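**Student:** Pulled from Swiss-Prot, these are the listed features:
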TRANSMEM  21-41  transmembrane segment
TRANSMEM  58-78  transmembrane segment
TRANSMEM  110-130  transmembrane segment
TRANSMEM  148-168  transmembrane segment
TRANSMEM  180-200  transmembrane segment
TRANSMEM  217-237  transmembrane segment
TRANSMEM  258-278  transmembrane segment
TRANSMEM  296-316  transmembrane segment
TRANSMEM  348-368  transmembrane segment
TRANSMEM  377-397  transmembrane segment
TRANSMEM  408-428  transmembrane segment
TRANSMEM  432-452  transmembrane segment
Amino acid sequence: MSTSSHSGDCAAITSNSNSTIILSAIGVVFGDIGTSPLYTLKEAFSPNYGLAPNHDTVLGILSLIFWAMMLVVTIKYVTVIMRVDNDGEGGIMALTALTQRTMPFGSRSIYIVGILGIFGTSLFFGDGIITPAISVLSAVEGLEVAEPHMKAFVVPITLAVLILLFLCQRFGTERVGKTFGPITFLWFIAIGVVGVYNIIQAPEVLYAINPWWGLHFFLEHGWHSMFVLGAVVLAVTGGEALYADMGHFGAKAIRHAWMYVVLPMLALNYLGQGALVLSNPTAIGNPFYQSIPDWGLYPMIALATAAAVIASQALITGSYSLSSQAMQLGYIPRMNVRHTSQSTIGQIYVPTVNWTLLMLVILTVIGFGDSTSMASAYGVAVTGTMMITTVLMIIYARANPRVPRLMLLMIAIVFIAVDGAFFYANIIKFMDGAWFPLLLGVVIFTFMRTWLRGRKLLHEEMRKDGINLDNFLPGLMLAPPVKVPGTAVFLTADSTVVPHALMHNLKHNKVLHERNVFLTVKTLKIPYAANSERLKIEPISNGFYRVHIRFGFMETPDVPSALMCSKDHAGIDFDPMHTTFFVSRETVIPSANRGMPIWRDKLFVLMHRNAAPANAFFRIPGNRLVELGTQVEI
C-alpha cells in the first residue's frame, strides 16, 4: 500500500510495530461490533419475535449470528471489499469518489453514484447517533441485573456519561486515545473468558457452528424467521468501520485483529450466552450479564461502560472525519474545524457536528428509553449503509477488466441477497422505530442535496454575469490603474472569469497590486494530493498569474502553506506579510421563479449564511484578508 504526503508535512512517517498497530486498531475499529454482545441475543428473544428459548431455537439463532459474522464481516468486508481502496483509504465517501473516477466525465452515472454515496453517508450519520446511545445504555443496564431497584437510574446515568463524553471532545483524544486499544483488548479477552466458562457448562452449544442449525431454524419457522434477522444483524453492526478505518491502520492490521482476536472472542461470548440459556432459559432477559459470576458483575459493568464509551468515541471521531471529507468534496457547507493534536493531522474536532450529535443522542435515549426499543431502529441505518457499499463496490469492480465477470456475478448475487435480507428484516419494523434512522437519513440527504444544487446554481449565476478573464486583462492594461506594492490573491471558483472581488476592488479602490494571483482551490477524488501535483502556476500577463492548488479529500486545505511553494516558480515570491487575500462573500437571494422550489432556496440561503468563512476554512490569516460582498439571486 502506498502512502501519500499531507499538505505542508515534510516529515517522514515512521511505522509502528505490527502489534502496536493491531492493538490501536482493536481500540478504534472494533469498539462498535465489540459491544454488540451486550444486546444482540437478548433482542433476538425479545417478545417482539415470540421465540421460546428452547434447544433448537437457541442453536438456530446462534448459528445465524456466527455465520452472519462470517459472511458479512469475514468474507464480504475482510476478504473482498477491503481490496477496493482509494489510494489506501476506505469508507463510503472514498468508495464513491473512487467509483466516479472510473466513469466518463459528465456522464449521468456519476450523478447516480453520487446520490448513492450521499444517501449512504446520511445513513452513516444516523448510525453515529444511535450507536453511542444504544452502546452506553446497554452497558449501564447491567445495573438492573446487579440491583433491580436501580432501573430508574439507568437513563439518567446513561445521559450523564454521554454528555460528559461529548463535552470532552474539544480537548481531543491524543492522550486518552492511547488507552483505547488496551482497554478494548481487555474487553475482548474478558468476554471470551466468560464465554468459555459458560460453554464448559453446556458444551453442546458448539453444535451451533454447524450452518445446518441456521438452515433448520429457517425451515422450522418459515417466513417468521425473516423478522428475526433484524436482531441477528446487530451482531455485525460496526462491520462498515473495518472498511472506513482502513486508511488509518492498513488492511493487514485490521484483518489480523479481526481473525486472531475479535472474531474468536465474539464467537466464544455468543456461544457462552447460548450455553447459559440452554442451562437456564430464564436468563434470556439479559443473557450477557446473567452469564457473569456475581463477583465479577460490577467490574464487568465498568469495563462494558468503558468499552461502550470507546465505541461511541470511534463513531463520533468518524463523524468528524466524514464531515471533513464531505466539506472538501462540496457535499455540505464549510464548518469550523479545530485540530486537537500538534503531532497527528487527522485528529480534528468539529463543534457544529459535536453539538448536533449530542442533542440528537440525548433525544434518542429519552425517546426510546431502553436498548430493546432502540434495537429496532438500529439495524436500518447499518444495513442500508452496508447495502449501498456493496452496490458501489460492484459498480467499481464492473469497470475493472481484471475482475472475472462470472466471479463478480456470483459475489454480487450472494452479497446483495444477504444485505437485502437484513435490510428487509429491519425495514419491516418501520413503526417499531425503524422510521427514526430513515427520517434522519432523509433529512441529512435533503440538506446535502440542497447544498450541492444550490452551489451549482450559485456558480452558474455568477458565471453568467462574469467577464472572460483573458479578454478583460488586455483592456485593463491599456489604461492601467495605480499600482501598489505587494501581492493580491483573488480566490475564485472559476479561473476563466474575472473574480467579483477584483471588479469591486477596481471600482471602489481604483488600485492594482504589483502581482495579482487568481487562485482556484480544487479537491481531488483521491485522499491526498502528491506534492508534485499540489501547485500549478500559469503566467497569463505581466504581473498576472492563474494558480491552481489541489488537495485530497482527506486533507485540511492550507492555502498559505501551499503558496509558499510558489517561490520555486519564476515570477512569484510569496511573502505572507506583503500579501492580501481578496474573497467575495455572496449574499444569496431566493427566487420563486427559477432553480429550486422556494423552500429549498430558503434552506440553501440559511446554510450559506451560516457556513464558516473562507479564510477560516482555507487557514488564511484574518489580518491579511479583504472580504467584498455581492448579491446573487438563484
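From the backbone N, Cα and C atoms, a Cβ is placed for every residue, glycine too.
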**Student:** With a cut-off of 8 Å between Cβ atoms, can you find at least three pairs linking the transmembrane segment (377-397) to the transmembrane segment (180-200)? Only pairs 6 or more residues apart in sequence count.
**Tutor:** no
**Student:** Below 8 angstroms Cβ to Cβ, which residues of this chain, lying six or more residues outside the transmembrane segment (180-200), approach it?
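**Tutor:** Apart from its flanks, the transmembrane segment (180-200) reaches 23-28, 30-31, 34, 37, 173, 206, 261-262, 264-273, 275-276, 291-293, 296, 300, 303-304, 306-307, 310, 313.
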**Student:** Which residues, given as numbers and ranges, are at least 6 beyond the ends of the transmembrane segment (148-168) yet have a Cβ under 8 Å from it?
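**Tutor:** Hits for the transmembrane segment (148-168): 132-133, 136-137, 140-141, 305, 309, 312-313, 316, 354-355, 357-358, 361-362, 365-366, 369-370.
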**Student:** Out of 21-41, 58-78, 217-237, 348-368, which stretch touches the transmembrane segment (258-278) the most, going by CB pairs under 8 Å?
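**Tutor:** It is 58-78 that shares the most Cβ pairs under 8 Å with the transmembrane segment (258-278).
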**Student:** Please work out whether the transmembrane segment (217-237) lies in contact with the transmembrane segment (432-452), by counting C-beta pairs under 8 angstroms that are 6 or more apart in sequence and asking whether there are at least 3.
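**Tutor:** Contact between the transmembrane segment (217-237) and the transmembrane segment (432-452): absent.
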**Student:** Counting Cβ pairs closer than 8 Å, which of 21-41, 58-78, 296-316, 348-368, 432-452 has the most of them with the transmembrane segment (110-130)?
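**Tutor:** Answer is 432-452, with the largest number of Cβ pairs below 8 Å.
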**Student:** Given the cut-off of 8 Å on Cβ pairs that are 6 or more apart in sequence, determine whether the transmembrane segment (296-316) and the transmembrane segment (432-452) share at least 3 such pairs.
**Tutor:** no
